[in-house]
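First the structure, in the form of structure tokens, and then the observations on it.
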Ligand SMILES: *[C@@H]1O[C@H](CO)[C@@H](O)[C@H](O)[C@H]1NC(C)=O
Ligand SMILES: *[C@@H]1O[C@H](CO)[C@@H](O)[C@H](O)[C@H]1NC(C)=O
């Protein structure tokens with residue numbers, strides 16, 4: 001097979017892919033993003049013509065890549081194809097877009113946009129784990145500053161603002177056609193705190209909001225103030241340009257996303273549900289997924305899935321006493337045995353043909369010419385051959401830790417405690433084990449695995465066992481030498497999110513077609529023929545959308561920012577965004593709103 005010989009700069013080069021002189025390449029991705037397999041970094045793209053040829057061969061010629069295609073495709077097979085999408089551009093609103101594109105290209109707009117974002121980054125809306133309700137904790141006061149900042153820099157004559165639980169912000173822009181379901185953009189106002197002992201590691205102070213000519217610096221510059229300020233900026237500019245929507249537009253901004261959204265997003269959900277109803281929105285776009293943008297090709301991965309979450313607490317209790325006459329095993333020794341048993345019995349990773357990750361692999365097999373040929377062959381064959389699927393699993397999981405983690409329930413022992421003094425037997429010892437639950441699993445399956453794994457050890461040490469509220473019997477014939485209690489550590493168990501369909505879902509086609517347009521008409525790429533692929537992504541972490549499942553089945557977690565546009569990711573020192581990327585994010589919001597207003601893909 002022939003491929004184009006265009007060179008795609010790799011992450012390892014010391015230049016920003018779209019920049020001749022960069023300070024340093026961004027190397028880490030924001031933690032709560034969908035993880036791409038390592039070989040994502042070496043994408044090369046076929047020419048569009050060759051791609052069409054491949055697709056034609058795939059569907060017309062009876063055999064391809066060594067397996068028969070005469071077999072009728074099952075729904076699973078259909079799901080497992082890399083989605084094909086075409087660009088969607090505004091027609092009725094073409095003049096408004098033309099006007100705004102001219103304005104967005106103007107240097108003076110860039111200065112204004114960077115100042116808007118920098119000003120928001122300067123306000124340290126740090127979120128702490130022990131925040132009390134608004135009104136009961138003075139650390140919330142700084143959010144008032146952010147609100148006055150927004151009020152004084154944006155002038156929304158067309159929008160109705162509602163405050164939710166004091167600091168939540170919901171903006172409503174009424175459309176003229178109430179038959180159209182509204183479109184919803186969400187973002188969060190809060191940021192991860194800056195650890196005081198890391199301040200000296202920042203190249204520019206963490207709340208400086210400085211634009212150095214290339215990067216815009218500070219906590220929140222990636223996560224998630226571009227989503228907040230970028231969507232506000234787009235709405236502001238659309239209003240000033242005379243846009244009058246047919247489809248209602250809603251913006252909703254949480255304020256404790258970094259602490260799980262329990263104070264903010266739950267209340268925002270209640271408000272949105274009571275105002276717009278269940279399944280009341282055509283589409284929801286939140287933070288999460290990203291794009292990989294190189295000079296010669298772009299792959300975007302809006303996340304259609306979020307893994308679930310379960311924190312196990314195990315507490316071993318046994319008799320205390322003087323440590324000079326100890327039993328054979330103390331509670332700490334028994335806890336150690338329990339932990340060792342869990343680690344010796346990890347969950348098995350698996351690939352399922354109807355899961356988004358399998359589809360993402362199919363896109364790789366088509367688009368990534370640097371892929372190992374064996375792997376490419378296996379990926380293609382695995383669509384219809386169980387043997388190939390099995391071989392693919394073996395090969396992939398042995399070489400790619402991210403693929404492995406995305407394809408199973410992960411477990412990590414993250415907390416441990418016990419004992420008070422070196423000459424006293426510990427009466428209690430505990431550990432907390434964090435699990436991230438794959439789409440094909442569930443909270444109850446994780447609990448069952450824990451009970452199955454730990455029961456033999458509890459028996460061996462003659463412990464009575466309380467497993468998630470069930471006193472397990474059949475262990476009472478032994479003299480108890482202690483007790484093991486298993487609980488949901490914080491009561492925060494979360495099932496994997498319902499997966500947003502990406503096949504035969506016009507809302508996915510809408511988003512993918514819009515992304516195509518935003519990239520192909522971007523001044524940064526300056527290449528209307530650039531190959532753009534849109535593949536479904538998975539988030540290993542969670543966003544405020546964990547509470548928004550009932551608002552729409554079309555939840556996409558996607559910020560139109562390349563991971564190369566992040567200096568050092570989020571949640572760590574030197575958070576910075578490549579400022580030009582923020583302009584494209586505003587373009588993304590603008591074009592999405594215009595397209596949504598005239599498309600028939602959103603119902
Ligand atoms: C850019 O914007 C400024 C300020 O609005 C304006 O004076 C200038 O003419 C614009 N430049 C172009 C090339 O449109
Ligand atoms: C458990 O109990 C049995 C019967 O009482 C005893 O023989 C055994 O040594 C005990 N095991 C431990 C680890 O304490």
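Count begins at 1; order follows the chain as displayed.
The backbone N, Cα and C atoms fix where each Cβ goes, glycine too.
Among the candidates 151, 155, 223, 311, the one that TrEMBL lists alongside 188, 286 as binding Zn(2+) 2 is 223. It is 43-61, from the ranges 24-42, 43-61, 62-80, that TrEMBL records as transmembrane segment.
According to TrEMBL, the feature region 'Disordered' maps to residues 1-26, out of the candidate ranges 1-26, 105-130. On its own chain, residue 258 (Zn(2+) 1 binding site) has 127, 188, 190, 191, 192 as residues at least 6 apart in sequence with a Cβ closer than 8 Å to its own Cβ.
Within 10 Å (C-alpha to C-alpha) of residue 571 (Zn(2+) 1 binding site) lie the following recorded positions from 223, 257, 286: 223. Remark: residue 257 (active site, proton acceptor) has 127, 188, 190, 224, 264, 265, 543, 544 as non-local neighbours, by Cβ distance under 8 Å and separation of at least 6 in sequence.
Taken together, the residues in the domain 'Peptidase M20 dimerisation' (305-460) have a mean pLDDT of 93 on the 0 to 100 scale.
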